[in-house]
Each structure stands twice: as structure tokens, then as C-alpha cells.
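**Student:** The structure follows.
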């Protein structure tokens, strides 16, 4: 199965519109492509207790796992930034739990896009295999 980056980015942009961000007004959307071809989306969800805020990438993963998916091929992230938006550190660690996948980062302001494997975004990652070493 090939990855349709355009379709995945468009799904992330749609998810961005549903983000709940009353404090920062900074909307982020993510679209996760599962091994079987299902696309699951998520948006960032802010909380008045800022530590309770969840990023779009983790929102999509939690939703996917709740629906029985744990194997992923790619994730697209969309944000209204000048440069393609990149997953934060905790999201990178959260994603690597499920293995290496393609990460498609995009900007809704400039339509710029960057793509790379998660292993390049988080080199020398602590993974489930690290627990058995």
C-alpha cells in the first residue's frame, strides 16, 4: 500500500478545524494512516490546566488504539505555521512506541511540506525494545 500524502494532509487539515484551543487559538490537526489503510484523525485539545492539554498527534493515536489499531504507516500533521509543523518531543516519543512510520509535516499558511521517517525525527529513540536490552 502506498501512502497518498495529499489525502493524508487534507485529512489533517480537516481535523485541524475541529481542534479545541480556546486559550492559544493555535489549531493543529493530525491524520494517522493505519496498516490496513484506515485514516484516523485528531486535533489538539487544550485544557484550562495547561498540563492536561493533548496534542493532535497523540489525540489521533489514542483514538486509533481505542478503535483497535496499533500498527501505523504514516502520520500527517497540519498547522497554521510559516514552516511545516513538526511533532513536539513527547509526541515523537508517543509515536515511536508504535514503530517507525513516515511523518508528513505541513503548513496551511504556505502549503510547504516536509516528509521523513520518524526514526530521523527521533534518532536513538527509547523504544519498547529498549526495555529488553
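Including glycine, each Cβ sits where the backbone N, Cα and C put it.
The following feature annotations were taken from TrEMBL:
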ACT_SITE  57  active site, proton donor
BINDING   44, 45, 46, 47, 48, 49, 50  substrate binding site
BINDING   55, 88, 91  Zn(2+) binding site
DOMAIN    3-129  domain 'CMP/dCMP-type deaminase'
**Student:** Taking the residue listed as 'active site, proton donor' as the reference, which of 44, 47, 88 (the binding-site residues) have a CA within 10 A of its CA?
**Tutor:** 44, 88
**Student:** Give me the mean pLDDT over the domain 'CMP/dCMP-type deaminase' (3-129), rounded to a whole number.
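**Tutor:** Averaged over the domain 'CMP/dCMP-type deaminase' (3-129), the predicted model reaches a pLDDT of 98.
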**Student:** Can you list the residues of the same chain, besides 44, 45, 46, 47, 48, 49, 50, whose Cβ falls within 8 Å of the substrate site's Cβ centroid?
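**Tutor:** Here the non-site neighbours turn out to be 23, 52, 53, 54.
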**Student:** Expressed to the nearest Å, what is the distance separating residue 88 (Zn(2+) binding site) and residue 44 (substrate binding site) at their Cα atoms?
**Tutor:** 12
**Student:** About how far apart, in whole Å, are the alpha carbons (Cα) of residue 48 (substrate binding site) and residue 91 (Zn(2+) binding site)?
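**Tutor:** Cα-Cα distance, residue 48 (substrate binding site) to residue 91 (Zn(2+) binding site): 20 Å.
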**Student:** Given the Zn(2+) site residues 55, 88, 91, which other residues of that chain have a Cβ within 8 Å of the mean position of their Cβ atoms, reported in sequence order?
**Tutor:** 56, 57, 58, 87, 89, 90, 92, 94
**Student:** If I take the alpha carbons of residue 45 (substrate binding site) and residue 91 (Zn(2+) binding site), what is the distance between them in whole Å?
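**Tutor:** That comes out at 14 Å between the alpha carbons.
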**Student:** Give the three-state DSSP assignment (helix, strand or coil) for residue 45 (substrate binding site).
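**Tutor:** Reduced to three states, the DSSP call for residue 45 (substrate binding site) is strand.
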**Student:** Whole-number Å distance between the CA of residue 55 (Zn(2+) binding site) and the CA of residue 49 (substrate binding site)?
**Tutor:** 14
